[in-house]
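Heads up: the structure comes next, in structure tokens.
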Amino acid sequence: MARASWWVAFFLATFCYSGAQTLITDEEEAKQWLEQYNTMAEHYFYLSEEANWAYETDINDQNQQAQVQASLNKDKFKKEAYDNSTMFDVDSFTNETVKRLFSKIKNIGNAGLRDQSKLNRLTQLLADMKQVYSTGKVKDGDRDLVFEPDLVNELATGRDYDRLQFIWKGWRDAVGPTLRDMYKEYVTLKNEAIGELGYDDVGDYWRSWYETPTFEADLEALWQEVRPMYLELHAYVRRRLGEAYGKDKVGENDPIPAHLFGNMWSQQWNNIYDLVEPFSGKQRIDVTSAMVAKGWDAMRMFNESEQFFTSLGLIPMTPDFWRDSMIVRPADREVVCYASAWDFYNRRDFRIKMCTEVTQDDLQTVHHEMGHIEYFLQYKDQPVPFREGANPGFHEAVGDCLALSVSTPKHLKEIGLIDGTLQEDDEADINYLMKQALEKIAFLPFAYMMDQWRWKVFDGRITPDNMNQEWWKLRQQYQGIIPPVLRDEKDFDPGCKFHIPSDVPYIRYFVSFIVQFQFYEAMCDASDHTGPLYKCDFYRSPQAGQLLGDMLKLGSSRPWPEAMEAITGSRAMTARPLLKYFEPLTTWLRQNNTASGVRTGWSQFEPWASSATKEAGPALATTLFCVLCCLFVR
Ligand code: ASP
Ligand code: SER
Ligand code: ZN
């Protein structure tokens with residue numbers, strides 16, 4: 001009964017004013033309309049999330065159709081609400097919150113597509129791309145390897161050059177070519193949708209969420225600040241990989257083959273810590289084997305994570321969370337394994353979906369996802385349009401920030417994953433910082449280039465016929481890596497990274513990996529930490545928790561610099577805390593590289609070809625790997 005009456009009130013308001021010439025200037029009326037909007041938004045968003053959850057935790061045609069329909073229903077609501085909202089003279093309003101809510105209601109994304117058949121097609125495409133990615137398999141003899149856990153584990157632990165190449169190429173063959181044409185169509189339709197909202201293209205729309213006119217220049221400045229450190233890390237890792245695999249495989253001055261980093265996208269390199277460990281014979285920094293030895297399972301990992309949050313006085317997970325989350329891969333059906341955290345918009349249902357494995361990587365990811373849930377919980381009583389991060393990067397940073405504390409040797413010892421007395425000498429510290437840098441510093445150029453590529457695709461600087469080649473140019477330019485085998489325009493390597501077929505923007509992770517160190521430093525200060533930043537564990541500090549919680553409660557009700565100010569005392573994004581954290585390692589890397597005669601930077605390769613030359617085989621491929629010039633950065 002209640003639901004029907006919201007409808008009536010909502011649309012009566014619309015009909016009464018639809019013929020009127022003058023805009024409504026009564027702010028009280030606007031507030032009532034916003035309340036109705038909120039109730040209905042909760043309703044449609046909930047139904048859409050439920051259907052999406054059902055689909056992603058049990059991929060089949062019936063669930064897909066229900067998901068597509070629920071998404072279309074939600075879009076219909078969003079579009080109508082947007083249209084109705086234009087009857088108010090928002091510019092004349094004085095209440096900043098009311099104005100901000102109206103401005104957010106206009107961000108209707110794909111729902112901007114007025115042509116219903118096109119919107120149907122786009123919605124179907126999104127579901128299909130997700131399905132292709134999530135059900136992709138690599139044939140290995142008579143076995144079908146799935147991405148999680150098979151490919152992930154092989155890449156993390158495998159050390160055989162050819163086998164790694166098989167896995168790396170196999171995954172790209174499994175999903176890339178199928179996704180290529182779908183992606184092109186998606187780009188066209190999505191640009192059209194966003195164009196109707198008045199944005200230049202999808203990239204322009206995505207960047208607008210940051211409310212920062214100088215956003216691109218600010219990001220470039222941040223990248224330039226951290227790039228010297230990345231180059232030192234890259235050069236050091238290249239030397240060590242050359243020792244492990246041979247200089248014929250990893251050339252001294254060359255970009256590094258992309259399949260040797262323990263990760264499908266060479267985005268985080270912590271899984272090859274063992275190959276690049278600075279000082280051997282120190283305490284184990286990688287605790288995966290300790291987790292296994294001590295009998296940890298997915299539930300234990302989730303419990304430990306929640307315990308960390310509550311030790312700070314933050315909000316615990318809810319009973320529904322524990323009942324309804326999916327924390328291991330089900331054996332009997334296809335699911336979207338890629339970890340994610342869900343807000344069902346009813347202020348009660350919050351869930352994580354994850355195919356958890358007992359590894360340190362996944363322990364990190366559990367904290368990451370729980371950070372999202374904590375944000376959801378903290379802002380659940382905000383109006384729906386404010387139930388977002390201060391900016392998308394803030395949302396990604398919460399769990400990671402806590403995980404910086406959890407990953408300190410001090411804390412790992414506290415939770416029983418390091419035995420014996422802690423070694424706390426300079427060499428042990430450098431080992432620890434190396435592990436952290438492989439995760440945090442190695443990631444930065446990847447996180448930056450992902451959306452450099454997409455922004456260029458959306459605004460036409462990259463055309464549909466050179467998407468793969470331009471991808472590899474950026475991979476080489478920013479990360480200093482090359483594909484181990486020739487690529488061409490039948491391949492679609494960007495599509496082999498989850499966030500691209502799944503329509504999830506990525507610059508948020510670059511922002512996150514900068515700001516999480518700002519949050520961490522602020523929370524360390526609040527907990528009265530003394531000593532080097534990288535040793536800080538704010539476990540059980542209610543002061544640190546309060547500082548974070550107060551910021552999370554704001555959601556996106558205020559522009560992000562205010563949220564930043566609430567937690568750090570200043571309004572800007574800065575790499576200073578990150579650089580401070582890694583300072584001893586940066587110094588060590590410079591000295592070590594100089595002493596080993598290692599130069600930073602890399603020569604330029606063109607590892608792509610027309611399909612004809614690719615078929616011609618490895619000999620021709622090798623000759624095509626021509627060195628154009630040697631540009632050393634130093
Ligand atoms: N949702 C996470 C990420 O994309 C999943 C992960 O960390 O594995 O941020
Ligand atoms: N979760 C993000 C990813 O998997 C960032 O680590 O790419
Ligand atoms: Zn995330």
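Including glycine, each Cβ sits where the backbone N, Cα and C put it.
Worth saying up front: this structure is predicted, and the values here are computed from it rather than measured.
As given in TrEMBL:
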SIGNAL    1-20  signal peptide
CARBOHYD  ASN95  N-linked glycosylation site
BINDING   TYR210, ARG508  chloride binding site
DISULFID  CYS337-CYS355  disulfide bond
BINDING   HIS368, HIS372, GLU396  Zn(2+) 2 binding site
BINDING   HIS368, HIS372, GLU396  Zn(2+) 1 binding site
ACT_SITE  GLU369  active site, proton acceptor 2
ACT_SITE  HIS499  active site, proton donor 1
ACT_SITE  HIS499  active site, proton donor 2
DISULFID  CYS524-CYS536  disulfide bond
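Distribution of TrEMBL features across the structure.
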residue: ASN95; record: N-linked glycosylation site; contacts (Cβ under 8 Å, 6+ apart): GLU27, LYS31
residue: TYR210; record: chloride binding site; contacts (Cβ under 8 Å, 6+ apart): ASN391, PRO392, GLY393, VAL511, TRP560
residue: CYS337; record: disulfide bond; contacts (Cβ under 8 Å, 6+ apart): SER134, VAL146, PHE147, GLU148, ARG329, MET354, CYS355
residue: HIS368; record: Zn(2+) 2 binding site; contacts (Cβ under 8 Å, 6+ apart): ALA339, GLU396, GLY399, ASP400, ALA403
residue: GLU369; record: active site, proton acceptor 2; contacts (Cβ under 8 Å, 6+ apart): ALA339, SER340, ALA341, ILE352, MET354, GLY399
residue: HIS372; record: Zn(2+) 2 binding site; contacts (Cβ under 8 Å, 6+ apart): ALA341, HIS395, GLU396, VAL398, GLY399
residue: HIS499; record: active site, proton donor 1; contacts (Cβ under 8 Å, 6+ apart): MET450, PRO505, TYR506
residue: CYS536; record: disulfide bond; contacts (Cβ under 8 Å, 6+ apart): SER405, THR408, TYR520, CYS524, SER527, HIS529
Candidates near ligand 1 among the recorded positions ASN95, CYS337, CYS355, HIS368, CYS524, judged by a Cβ under 6 angstroms: HIS368
Secondary-structure category, per DSSP, in which GLU369 (active site, proton acceptor 2) falls: helix
Cβ neighbours of GLU396 (Zn(2+) 2 binding site) where a neighbour is any other Cβ within 10 Å: 25
Cβ-based isolation winner (fewest other Cβ atoms within 10 Å) among the disulfide-bonded residues CYS355, CYS524: CYS355
Cβ-based neighbourhood (8 Å from the centroid) of the Zn(2+) 1 site, residues HIS368, HIS372, GLU396 excluded: ALA341, GLU369, GLY371, HIS395, ALA397, VAL398, GLY399, ASP400, SER512
Those recorded positions in CYS337, CYS355, GLU396, HIS499, CYS524, CYS536 whose CB falls under 6 A of ligand 3, listed in sequence order: GLU396
ARG508 (chloride binding site), number of other Cβ atoms within 10 Å: 23
